[in-house]
Amino acid sequence: MKTLLLTLVVVTIVCLDLGYTLTCLICPEKDCQKVHTCRNEEKICVKRFYDKNQLGWRAQRGCAVSCPKAKPNETVQCCSTDDCNR
């Protein structure tokens, strides 16, 4: 009986997705509070700053598989802990 119970527990653990899922902020505002659960393959939070037509800097936040390269007139910050892209 104990063996059967142990087997069921092991099978349950293997079948469940017990992997860690990262959360990142996804809104463009300065005081961003909107949290998004990233897909399993997205392990990076990104915050991009870019110059919006000489009207000042804007931020774009989200999840990514890898840290993107910065484009001209853009700064990219990457991190890998929950909600680290504030």
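Using N, Cα and C of the backbone, Cβ positions are placed for all residues, glycine too.
Look at Swiss-Prot and you will find 1-23 tagged as signal peptide.
The disulfide bond annotation in Swiss-Prot covers C24-C45 (among others), and the record cites similarity to another entry as its basis. According to its DSSP assignment, C24 (disulfide bond) is in a strand.
Per Swiss-Prot, the feature disulfide bond maps to C27-C32 (among others); the stated evidence is similarity to another entry. Shown in sequence order, L25, I26, A59, R61, R86 are the residues of the chain, 6+ apart in sequence, with a C-beta less than 8 angstroms from the C-beta of C32 (disulfide bond).
Counting every protein chain shown, the Cβ of C63 (disulfide bond) has 21 other Cβ atoms within 10 Å. The disulfide bond annotation in Swiss-Prot covers C38-C63 (among others).
In this structure, C78 (disulfide bond) is part of a beta strand by DSSP. Every protein chain shown contributes to the tally, and the Cβ of C78 (disulfide bond) ends up with 15 other Cβ atoms within 10 Å. Look at Swiss-Prot and you will find C67-C78 (among others) tagged as disulfide bond.
Annotated disulfide bond per Swiss-Prot: C79-C84 (among others), in sequence order. A coil conformation is recorded for C84 (disulfide bond) in the three-state DSSP classification, outside any helix or strand. Neighbours of C84 (disulfide bond), defined as other CB atoms within 10 A of its CB across all chains, total 16.
Distance between Cα atoms for C78 (disulfide bond) and C45 (disulfide bond): 6 Å, as a whole number.
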